[in-house]
Amino acid sequence: MSPFLLVMSLSFIAIALFISYKEKLALEKDLFIGTIRAFIQLFIIGFLLQLIFDLRSITGMVLIIVVMIAVAGQNAAQKSNYLPRTKAMVSIVGALLLAEVLTMGLLLIMNIIPSEPQYIIPISGMIIGNAMVAAGLTINRLQAELAAQKGQVLTALSLGATSRQAATLSIKKALRAGMSPSIDGMKTIGLVQLPGMMTGLIIAGASPMEAVKYQILITLVITASTAISSITVALRCYKPFFTKQHQLSLYYPKNE
């Protein structure tokens, strides 16, 4: 794509700016900042990736993945309204790291993808990005369910249930919330939209059938990563809401 065509693509943002201005949505500043940041961030990461690919730098590859996990963890932790942000971030970063290690580890051990930065980094980005969304949805839903079911939780605790037993229903609903988007995506993939990786491969000149095979692989990997992330976050983040004596802690969500 020529620089001229890239500049011309800003006309799509002009449409969004016009709608925001016309409807007085006050989103013009956010759209402007978002566009500038997208350009800068993508060009920087493009330059770094090209450098890493050319040098085949393992250190650079690991560093980029670590930064991805840290940024994703910080973003997902913002969904935690009651748990201290640091506690939430530690749990979420741990969940994202586990999802990345298990799924990428299997891909490499089974020799499904080559152990080259140009394969590992983009796929890691998809794994971490989707795991981040699942983690955010899980912790958000967990808090909402615990707040809504406070009465049932207190009753269960008073009858001798452990914190885990009292929070079981909330944990299950949180897990469903975290895992549902990837499952729903599998149901409509190829029908509602052509997924990103498949589209990219086709544009790059790969045969549609080869692109389909890779997309199926990525879809299954993403489903596994969201499941790992969701269950790790749910099982780690419910604990601070209870004391060691199986009572409600000061962090327990309030029903507002």
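Using the three backbone atoms N, Cα and C, a Cβ is placed for every residue, glycine included.
Under the heading transmembrane segment, TrEMBL lists 6-22 (among others).
The list of residues near the transmembrane segment (31-52) in space but at least 6 beyond its ends in sequence, with Cβ under 8 angstroms from a Cβ of it, reads 10, 13, 16-17, 20, 60-61, 64, 117-118, 121. Among the features that TrEMBL reports, transmembrane segment is placed at 31-52 (among others).
Annotation comment: TrEMBL describes 58-77 (among others) as transmembrane segment. Residues 48-49, 51-52, 85, 88-89, 92-93, 96-97, 100, 117, 120-121, 124-125, 128-129, 131-133, 135-136, 139 of the same chain lie 6 or more positions beyond the ends of the transmembrane segment (58-77) yet place their CB under 8 Å from a CB of it.
Marked as transmembrane segment by TrEMBL: 89-113 (among others).
The transmembrane segment annotation in TrEMBL covers 119-139 (among others).
The transmembrane segment annotation in TrEMBL covers 189-208 (among others).
Residues or ranges marked as transmembrane segment in TrEMBL: 214-235 (among others).
Among residues of the same chain six or more beyond the transmembrane segment (89-113), those with a C-beta under 8 A of the stretch's C-beta atoms are 65, 69-70, 72-74, 76-77, 119-120, 123-124, 127-128, 131-132, 135-136, 139, 217, 221, 224-226, 228-229, 232-233, 236-237. When each of the listed stretches 6-22, 189-208, 214-235 is scored by C-beta pairs under 8 angstroms to the transmembrane segment (119-139), 214-235 comes out highest.
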